[in-house]
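Features as listed in TrEMBL:
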type     : residues  : note
DOMAIN   : A:136-364 : domain 'NADH:quinone oxidoreductase/Mrp antiporter transmembrane'
TRANSMEM : A:36-54   : transmembrane segment
TRANSMEM : A:88-109  : transmembrane segment
TRANSMEM : A:118-135 : transmembrane segment
TRANSMEM : A:141-160 : transmembrane segment
TRANSMEM : A:172-193 : transmembrane segment
TRANSMEM : A:213-233 : transmembrane segment
TRANSMEM : A:245-267 : transmembrane segment
TRANSMEM : A:287-306 : transmembrane segment
TRANSMEM : A:313-332 : transmembrane segment
TRANSMEM : A:338-358 : transmembrane segment
TRANSMEM : A:445-468 : transmembrane segment
TRANSMEM : A:488-511 : transmembrane segment
Amino acid sequence: MNGWIHHLVIAPIVLPMMVCAVLLAFNERRRTLKRVLSLGTAAALVAISVALIWEVDSGRQTLPGTPHVYLLGNWPAPFGIVLVADRLSILMVLLSSVLGFTALFYAIARWDRSGPRFHVLFLLLLAGVNGAFLTGDVFNLFVFFEVLLAASYGLILHGAGEERTKASLQYITINIATSLLFLIGVAMIYAVTGTLNMADLATRVSRVPQEDLMLLEAGAAILGIAFLVKAGIWPLSFWLPRTYAAAAPPVGAVFAIMTKVGVYVILRLSSLLFGANSGEAAGFANNWLIWSGFATMAYGTLGILATRKLTGVAGHYVMVSSGTLLAAIGMGGGSLTAALLFYLASSTLAVGALYLIIEPVERNAGEDDMIAGIAEPVFDDEYTGALAEEENETGVVIPGTIAVLGGGFIFCSLLLAGLPPLSGFIAKFAIIDALFGGEAITPAAWILIALIILSGLATLISMTRAGIDLLWTPSEDSPPSLSVIEVAPIGLLLAACLALMIFAGPAYVYMEGTAAALSDRSVYIEAVRSVSRAGEARP
Amino acid sequence: MEAVLALAIGTLTASGLWLLFRPRTFQVVLGLCLLSYAVNLFIVAAGRLRTDAPPIVGKVAVDPAQYVDPVPQALVLTAIVISFATTALLLVVLLASRGLTGTDHVDGEEDDQ
């Protein structure tokens, strides 16, 4: 882990931030330049995360799967802030990069023109998300959360319009209040343990005296609520479908990763702080996770059936996916963790593809009321005129619009509902198989299996209904043009899911390695503790 | 001193929460401000209360018991900056919402009463 590869760990954070700063220097008329720069950055992020996965997983210079620890500012751990790239965090970075790249690609077709500084905000969001995945420090996690939230406030308002403003007002208020909960949780944990470094925290949790344990658990619970709001758990999720539906399609697609940030942190902290060998605090709140996960799944399933709009289906599906993941995290166990990671990857990509395909499909059906949200800017800032030169560069128009859209839509439905032969099926099958794997199947496991199957059925019903409505109903107007730029990213996401299915074997081996690393937290702790400062000999 | 601080945090939190649940956007913003003050004080309190003790240790080896924990002070500084920025952003959205919907209700429409 020497030379440039060592510094690669920080690149997913620093690169988009630096490009953000550069992009701010150009005004909105230099559109091509901005597009090239931001899309190039997003592509570079994908390449960087692939390289990091390769590096961590093969472990050419260390044992395979050893986390790469990066000391920020070369301050020694646990006093300074560390970035930790282990299998889990790099997997999440890869997911966010792939989703970010495709959503940005899609946005270039038209959406980046409906408001100022789209690319800057988008890259800032990616930097924040990547930072949240990579950091090994609880307070630094807060900072990156704020970075990604600040960017998301701007993105949710992108395109302006009354509906977006109303939705974003509530979204911002809820998230600021949640951030305050986050701070209270962090302060309480610091008060009890005296550290904020996750690895150091993990070692100290088992030594917390009995009388302080309640305080620590209260702090962790408050912290957990902050993440659960982000993950969209019932009953803290009523903001989610509305906000996501109001967002512009590429924004909705990239927001699919944001709920997963909450899930990721829950997974990370519960394995580090409340794993099997953390003494008195072990297994804290697992039951809460399981039952609130069930409630989220049930609510999301009902929401999928009840909603008429495809954006509503997507929003509620995000909740079902979060609920499944949280319930599975609560149940724990090595094979189940591997299965849930596979499900996480598959469902994130599938929801991203769904958000991207909704708008062309609804445009095809002439339901323009949703995308009419490109309103006049509210404030008279420097952004004027970009709207005037609209619609003169649609790009190459592809033939057979209906066929392409229909095919993509069917793929999306199959993925979301978890039907063979796509990765959604393998993911759900793996979860159910892992649940049956134990010696005795608990009632909770039966409920989870039932909910997984029911939610898949509900998704299928709802998607079929929407498909018949939107794609089969003959319309008088000729089908609108659909540019390659819009189709290619949807195809890319679906191809990623297809690849996940074809290479399910190697992918699953990777997930199993990740799950093993999560259940044995000593690897993570040891990696952070033994890291040497640059310019010093390794002990 | 502990009692005074605890009372201050409690009062700020209670007023902040009450304002947060009010229907007018400006009240919500004020509520969030009060809540963030309460949280900032809480973070300071999490580092144990000390008076007349500096947070910075010099180069010479000294007894750390003579100093106050510097970490919560750094955390509070970060938290203040961030909450300031997000509040400013929320104010802009508030104005936009007022302009677009013609009402300062948080739902963008008045209750039918």
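Backbone N, Cα and C define each Cβ position, glycine as well.
Counting Cβ pairs under 8 Å to the transmembrane segment (A:88-109), the top-ranked stretch among A:118-135, A:245-267, A:287-306, A:488-511 is A:245-267.
Scored by C-beta pairs under 8 angstroms, the transmembrane segment (A:118-135) has its highest count with A:36-54, from the stretches A:36-54, A:172-193, A:313-332, A:445-468, A:488-511. Among the listed stretches A:36-54, A:172-193, A:313-332, A:445-468, A:488-511, the one sharing the most Cβ pairs under 8 Å with the transmembrane segment (A:213-233) is A:172-193. Comparing A:172-193, A:313-332, A:338-358, A:445-468 for CB pairs under 8 angstroms to the transmembrane segment (A:245-267), the maximum falls on A:338-358. Sequence-distant contacts of the transmembrane segment (A:141-160), counting only residues of its own chain at least 6 positions beyond either end whose CB sits under 8 Å from a CB of the stretch, comprise 111, 114-115, 117-118, 121-122, 124-125, 127-129, 131-132, 135, 167-168, 171-172, 175, 179, 182-183, 186, 230, 243, 246-248, 251, 254-255, 258, 261, 265, 373-378.
Counting residues 6+ beyond its ends, the transmembrane segment (A:36-54) has Cβ neighbours under 8 Å at 5, 8-9, 11-12, 15-16, 19, 22-23, 68, 85, 87, 90-91, 93-94, 97-98, 100-101, 104-105, 108, 119, 122-123, 126, 130 in the same chain.
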